[in-house]
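Participant: First, the structure itself, so that you have it in front of you.
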Amino acid sequence: MCLEVMDSERSLELISRTSKKLVPSIMSNMLNPDAIFSNNEMSLSDIEIYGFDYDYTLVFYSKHLHTLIFNAARDLLINEHRYPAEIRKYDYDPNFAIRGLHYDVHRALLMKIDAFHYIQLGTVYRGLSVVPDEEVIAMYDGSHVPLEQMSDFYGKSSQGNTMKQFMDIFSLPEMTLLSCVNEYFLKNNIDYEPVHLYKDVKDSIRDVHIKGIMYRAIEADIEKYICYAEQTRAVLAKLADHGKKMFLITNSPSSFVDKGMRFIVGKDWRDLFDVVIVQADKPNFFNDKRRPFRKVNERGVLLWDKIHKLQKGQIYKQGNLYEFLKLTGWRGSKVLYFGDHIYSDLADLTLKHGWRTGAIIPELRSEIKIMNTEKYIQTMTWLQTLTGLLEHMQVHRDPDSQMILEEWKKERKEMREMNRNFFNAQFGSLFRTDENPTYFLRRLSRFADIYMASLSCLLNYEPDYTFYPRRTPLQHELPGWSDQLCTGTFRIPFLQETVQVK
């Protein structure tokens, strides 16, 4: 039957039935949440040296940590920055924000931006309330954010950039605290300067780390805050058994790392690593050639000796990558470094030094599990179908066709909102806006050769395994499976113009 306007309702019913029949076949090819995904072809047989960040790479933290950071930073705002004590009524909500969001420092708006610098309407928040689309469009003269207003290379708001991108997992409590304090000021009609609020919250979050509040709390109750110890230990043991060299470069302090690694691996953890560097001050570590290494003794005291060699079993502080390369000779694509921060951990290594890079994205596992559910697959199948119908039917200009098109557009919008809610009620998926990749995914694709939910995913692969990126069709190439979910409904630019539904 041809998809003609006069028979649209019957055709739509047939198409709906056809799309539902595809769900079981799609569910038989579900993604593995513990898989490693490749942006760039890479063989582990070429990797001789493995490097690691510490926080959210070797060690994972429980949900209690973000609550701790939020509460401590909130109290610093009150006690040291003289913010109203009433903000203490706000508690940390782990379901509010997602990583990768942008914050307009001058307008005090938290939002999700796609790979093309377009704001995803419906995901702009002032305080804890969504900003109407019309207001967003009026503020930004549309929904596009010009390049000069975007965050700088490391996601920071600096040198005229009005946007800050939150890429760190530790930034989740920071975004939530910003939103809560904004909400308090707005609800109580208190006039305030958004730039000052942003700086004060940023400084308070920083002080939770720098003043040792977070480190002391974790060390005092390490079993409460650290998890996944067995998996990390198994990964390191596997690499050691296969004769791989390993090193650790972290911004965390020596005693904190030592206690955590003793809990995860054992008291002899340093025997596994050829080099251990703490308080490295990444990303400056990768760019500043001036800072020499300092040796840290067993009591945590900094020694003044000149470093001629990085010795196994010893801990070093600060330093720089150029000196590291000189002392170790570990250069180029035989090195694979893992980290969770796409900018601070990975960007400089792949762009300037040719190391291979692996991104640890804990959110990946939960998102894939959602994508594997029947409800999500049904929703996405029908959403793709509606998109194809809109593309096919838009050539018909008569009133009846236009009315049907408007109904489909309304339904498509509702389906998009439903799809977003599968992941996060406010901001949706970490990796996609409605149709496009997020800005976060754009940077992930550029700076990470491979990415995975945790280091434990390495246990599923042999040490000579080659990762091949899937060839995803360009817009002008033949479609992949995702464009053929509803065969017979899409107006793909083939020669035939009439689509048959059996």
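A Cβ is built for glycine as well, from the same backbone N, Cα and C atoms used for every other residue.
TrEMBL labels come from automatic prediction, so no person has curated them.
What TrEMBL records for this protein is below:
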| type | residues | note |
| --- | --- | --- |
| ACT_SITE | ASP53 | active site, nucleophile |
| BINDING | ASP53, ASP340 | Mg(2+) binding site |
| ACT_SITE | ASP55 | active site, proton donor |
| BINDING | ASP55 | GMP binding site |
Participant: From the Cα of ASP340 (Mg(2+) binding site) across to the Cα of the residue listed as 'active site, nucleophile', what is the distance in angstrom?
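Facilitator: If we compare the Cα positions of the residue listed as 'active site, nucleophile' and ASP340 (Mg(2+) binding site), the gap is 8 Å.
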Participant: Output, ordered by sequence, the same-chain residues six or more apart from the residue listed as 'active site, proton donor' with a CB under 8 Å from its CB, or 'none'.
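Facilitator: Counting only residues 6 or more apart in sequence, the Cβ neighbours of the residue listed as 'active site, proton donor' under 8 Å are TYR61, ILE169, PHE170, THR250, ASN251, SER252, ASP340.
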Participant: Please give me the CB contact count at 10 A for ASP340 (Mg(2+) binding site), counting all chains in the structure.
Facilitator: 23
